[in-house]
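What follows is a single structure, written as structure tokens, with notes after it.
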């Protein structure tokens, strides 16, 4: 029976910052938040911190977000390695064009033992889960049968890598949308804020909403001042949403 895959989001990279030694400025933050502040102050050469309300990094970044000076947020980035996510969910994810992606290739990686991601609407129903996993098993059996026949069909292809690729890219047509995929996603702070505003909404599909909220929690640990305006709440159905009055970019 097909194994199910839980969502897992792992932080794998974040911006470092090296302050220029010839600039008369210090800050109480490091990494991406420090870089964002530096970029903002570079616009106005406000190294002396003339405004007490923006003298701290948190105060400065909150002001940046309040006034909509979002371009400076684009200098700092975070990368996640995401597993336990369905192919149907990544079809929505990759519509966010300001991110960079590197995704598992079904042309090079065989899917005979691929896991499935249970849609949120089926998680609490054993009968529905059983129907789903049976369908996934049938699809994988058909995939394996097609793969064997396609490899035989392309047996005259002398390049073994190309032969297997040709077979897999045709056989994958029968794999379900619930098939697990794995993907590296990199985005700058502005892009992540936009993603969360769009996909942590109650109007988003629950699977990608869960992804957005888990990313938000980890982003808030990396750059609290940049993401602190988002509030996570629970709806009547038990699912979570995240909203912010300052997330103004549609």
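Placed from the backbone N, Cα and C atoms, the Cβ positions cover glycine too.
As recorded in Swiss-Prot, the features of this protein are as follows:
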- 199: active site, involved in ionization of N3 of dUMP, leading to its activation (ACT_SITE)
- 71, 95, 96, 97, 103, 188, 189, 190, 194: FAD binding site (BINDING)
- 87, 92, 93, 94, 95, 103, 104, 105, 106, 107, 172, 199: dUMP binding site (BINDING)
- 7-233: domain 'ThyX' (DOMAIN)
- 95-105: motif 'ThyX motif' (MOTIF)
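Sequence features, as recorded in Swiss-Prot, placed on the structure.
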{"residue": "71", "record": "FAD binding site", "DSSP (3 states)": "helix"}
{"residue": "87", "record": "dUMP binding site", "DSSP (3 states)": "helix"}
{"residue": "93", "record": "dUMP binding site", "DSSP (3 states)": "helix"}
{"residue": "103", "record": "FAD binding site", "DSSP (3 states)": "strand"}
{"residue": "194", "record": "FAD binding site", "DSSP (3 states)": "helix"}
{"residue": "199", "record": "active site, involved in ionization of N3 of dUMP, leading to its activation", "DSSP (3 states)": "helix"}
Based on Cα distances to residue 106 (dUMP binding site), point out the closest of the recorded positions 71, 96, 194, 199.
96
How big is the gap, in Å, between the Cα of residue 87 (dUMP binding site) and that of residue 103 (FAD binding site), rounded to a whole number?
10
Euclidean distance between Cα atoms of residue 199 (active site, involved in ionization of N3 of dUMP, leading to its activation) and residue 189 (FAD binding site), Å:
15
Between residue 194 (FAD binding site) and residue 93 (dUMP binding site), how many Å separate their Cα atoms?
12
Site diameter for FAD, Å, by largest Cα distance between 71, 95, 96, 97, 103, 188, 189, 190, 194:
27
Using a 10 Å cut-off on Cβ-Cβ distances across all protein chains shown, tell me which of the binding-site residues (71, 103, 106) has the largest neighbour count.
106
Could you check the recorded positions 87, 95, 172, 194, 199 and say which one's CB has the fewest neighbouring CB atoms inside 10 Å?
95
Roughly how many angstrom lie between the C-alpha atoms of residue 71 (FAD binding site) and residue 95 (dUMP binding site)?
21
On a count of neighbouring CB atoms within 10 A, which of the binding-site residues 93, 96, 104, 189 is highest?
189
I need the CA-to-CA distance for residue 93 (dUMP binding site) versus residue 199 (active site, involved in ionization of N3 of dUMP, leading to its activation), whole Å please.
9
Inter-residue Cα distance where the pair is residue 96 (FAD binding site) and residue 172 (dUMP binding site), in Å:
25
